[in-house]
Amino acid sequence: MSSFSRQLKLSSSLIKRLQHRATAAAAAGERSFTTTEGHRPTIVHKQGLDILHDPWFNKGTAFSMTERDRLDLRGLLPPNVMSSDQQIERFMADLKRLEVNARDGPSDPNALAMWRILNRLHDRNETMYYKVLIAKIAEYAPIVYTPTVGLVCQNYSGLFRRPRGMYFSAADRGEMMSMVYNWPADQVDMIVVTDGSRILGLGDLGIQGIGIAIGKLDLYVAAAGMNPQRVLPVMIDVGTNNEKLLKNPLYLGLQEHRLDGEEYVEVVDEFMEAVFTRWPNVIVQFEDFQSKWAFKLLQRYRNIYRMFNDDVQGTAGVAIAGLLGAVRAQGKPLIDFPKMKIVVAGAGSAGIGVLNAARKTMARMLGNNEYAFESARSQFWVVDAKGLITEERENIDPDALPFARKVKEIGRQGLMEGASLEEVVCIISSALSNHNQSRFVFKMRNKVRQVKPDVLLGLSAVGGLFSKEVLEALKCSTSTRPAIFAMSNPTKNAECTPEEAFSVLGENIIFASGSPFKDVDLGNGHIGHCNQGNNMYLFPGIGLGTLLSGSRIISDGMLQAAAECLAEYMTEEEVLKGIIFPPISRIRDITKEVAAAVIKEAIEEDLAEGYREMDARELQKLNQEEIETYVQNNMWSPEYPTLVYKKD
């Protein structure tokens with residue numbers, strides 16, 4: 001990533017305009033995402049109960065008496081006009097009670113009960129829903145997103161109550177261009193789309209996967225300040241290979257096996273053409289597509305449309321930030337990153353995405369030439385369900401081929417095709433456990449059959465894969481502070497828990513996971529920090545930065561800028577304590593910083609075309625602080641607008 005060193009002076013008119021916006025926003029709580037609308041009254045064409053039943057405009061008991069008169073609401077609400085803070089207080093009191101008392105069945109887990117309660121608030125009052133979510137983001141992000149969203153997707157056919165998104169199916173071929181106009185919003189900034197084929201680590205959930213798209217967009221609103229009336233969750237239903245769903249009479253999707261090959265591509269092509277025809281400036285995030293299609297669709301569309309794949313690129317960015325954070329936590333300069341030895345468990349879309357991004361980052365630090373790429377490749381050992389991937393693997397996945405170990409390399413290490421994860425990490429523990437082996441064999445293995453990685457990175461979706469034996473093997477690491485990244489979601493698929501890691505390896509490690517875990521009390525006042533390396537640190541900022549820059553594509557440089565911004569967000573003091581990712585409670589500030597980094601890189605690469613009043617030339621004149629102000633002024637906040645009725 002090239003540094004943004006130009007500090008060009010703004011024109012006096014632009015300075016005045018930025019200062020005016022900032023002052024007005026601070027004074028009036030302006031909904032400054034929509035800079036052209038400002039805080040003007042919102043015109044509505046409905047009154048009475050119709051307003052109360054519309055979650056976009058309903059304020060509940062917060063309607064003022066003058067609005068109640070204008071909108072024919074007098075008598076339809078209790079007379080006490082409440083502030084939004086009072087409404088939140090009432091809702092929180094109800095939620096605490098309902099968490100225990102209002103589950104929909106004896107087997108309904110507490111987290112799913114909380115999701116239902118929040119979802120009902122969303123159905124009634126969208127503004128209040130986002131007020132609650134933003135105010136309690138650390139508490140409720142795990143409910144609307146991972147890990148609870150996995151449970152929601154598994155049960156979505158039974159949870160569906162009202163439309164929240166669009167469904168494009170194989171049965172709609174030839175009709176999508178007209179269907180897209182059924183969505184009521186004339187402007188859509190962000191779409192999250194899935195085909196339900198690989199939801200988290202839960203496999204093929206078919207149409208029920210739309211729950212993940214809904215959850216992601218909730219975070220776009222809460223973290224990035226995307227306007228909720230301009231986001232759209234989408235499901236592309238091409239069937240399912242989940243036999244349980246195919247046999248379930250209550251399943252809401254197409255009960256036929258998944259399309260494949262050219263037929264599948266034609267459906268996705270038609271969808272992309274339709275949404276970009278109606279909304280040319282929309283950004284589309286692909287989510288939870290199986291590895292078979294994730295890379296192919298990314299390469300097919302990324303240079304044509306504003307799109308990215310969060311599993312491939314977002315996961316990679318968060319992992320890169322974590323890996324760079326691990327280097328910092330060892331007290332080393334970032335330039336030492338290319339020296340790290342990394343064992344990756346998992347060769348799906350997320351694993352390969354991380355490998356490609358990490359290799360590019362290392363190569364860039366080494367000079368970005370052919371030698372640098374080859375040198376970077378040699379720092380990775382990839383293990384999948386069949387063991388260590390080498391050039392001897394039959395029918396090797398083309399995406400994994402660049403990372404297959406060469407026969408000569410593994411020969412020197414005493415490894416072979418299909419070696420187990422424990423053997424790859426370090427054979428010593430295996431040798432010690434086999435009392436029948438001779439001392440000579442043990443010495444030889446002790447000498448040569450060790451990778452001694454600095455990082456053990458899990459993207460396998462196999463819960464418990466980092467067993468006690470594997471963690472014991474990591475004691476071989478030559479790193480002063482080895483890192484364990486158990487990144488698979490949801491929680492049950494985490495490769496290990498922080499308690500397991502710290503209990504085996506002690507306090508001098510870096511631990512990160514994809515799902516939230518609590519820190520571990522190690523005694524004597526020592527804390528084992530559990531870092532949540534979740535994609536939510538990056539994808540909201542990538543989306544917002546792309547929107548505000550006006551870039552027509554999302555480049556590798558923009559993604560790299562986002563990852564490096566996150567890596568540098570933590571202070572030296574925090575990093576040396578083992579804290580490499582910030583708390584979720586700071587997510588809006590993190591997103592602002594990431595979005596600013598994306599905009600700067602888009603400007604540097606001459607991709608930025610501007611957004612609304614801020615054209616490309618004016619964007620180029622902004623310095624770091626002014627870009628951050630620009631981002632802040634364009635983040636939507638959930639404030640009740642003044643409503644004015646106008647008859648159709």
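Keep in mind that glycine also has a Cβ here, set from the backbone N, Cα and C atoms.
All TrEMBL annotations are machine predictions without curation.
According to TrEMBL, the feature domain 'Malic enzyme N-terminal' maps to 122-302.
Annotation source TrEMBL lists active site, proton donor at Tyr145. The Cβ of Tyr145 (active site, proton donor) lies under 8 Å from the Cβ of Gly215, Lys216, Asp218, Leu219, Met536, each on the same chain and at least six residues away in sequence.
Here TrEMBL flags Arg198, Asn489, Asn534 as (S)-malate binding site. Within 10 Å of the C-beta atom of Arg198 ((S)-malate binding site) sit 25 other C-beta atoms, taking all shown protein chains into account.
Feature annotation from TrEMBL assigns active site, proton acceptor to Lys216. Within 10 Å of the C-beta of Lys216 (active site, proton acceptor) there are 28 other C-beta atoms, taking all protein chains into account.
Among the features that TrEMBL reports, divalent metal cation binding site is placed at Glu287, Asp288, Asp311. Using a 10 Å radius centred on the Cβ of Asp311 (divalent metal cation binding site) and all shown protein chains, the other Cβ atoms total 26.
Model confidence over the domain 'Malic enzyme NAD-binding' (312-603) stands at 89, taken as the mean pLDDT rounded to a whole number. Positions annotated as domain 'Malic enzyme NAD-binding' by TrEMBL: 312-603.
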### From binding-site residues Glu287, Asp288, Asp311, the one whose Cα lies nearest Asn534 ((S)-malate binding site)
Asp311
### Query
What Cα-Cα separation, expressed in whole Å, is found between Asp311 (divalent metal cation binding site) and Arg198 ((S)-malate binding site)?
10
### Task
Specify all same-chain residues, apart from the site residues Glu287, Asp288, Asp311, whose Cβ lies within 8 angstroms of the center of the Cβ atoms of the divalent metal cation site, ordered by sequence.
Thr194, Arg198, Ile199, Ile212, Phe286, Phe289, Ala294, Asn309, Asp310, Ser349
#### Entry: Glu287 (divalent metal cation binding site) and Asn489 ((S)-malate binding site), Cα-Cα, nearest whole angstrom
14
### Message
Please report the distance from the Cα of Arg198 ((S)-malate binding site) to the Cα of Asp288 (divalent metal cation binding site), rounded to the nearest angstrom.
### Response
5
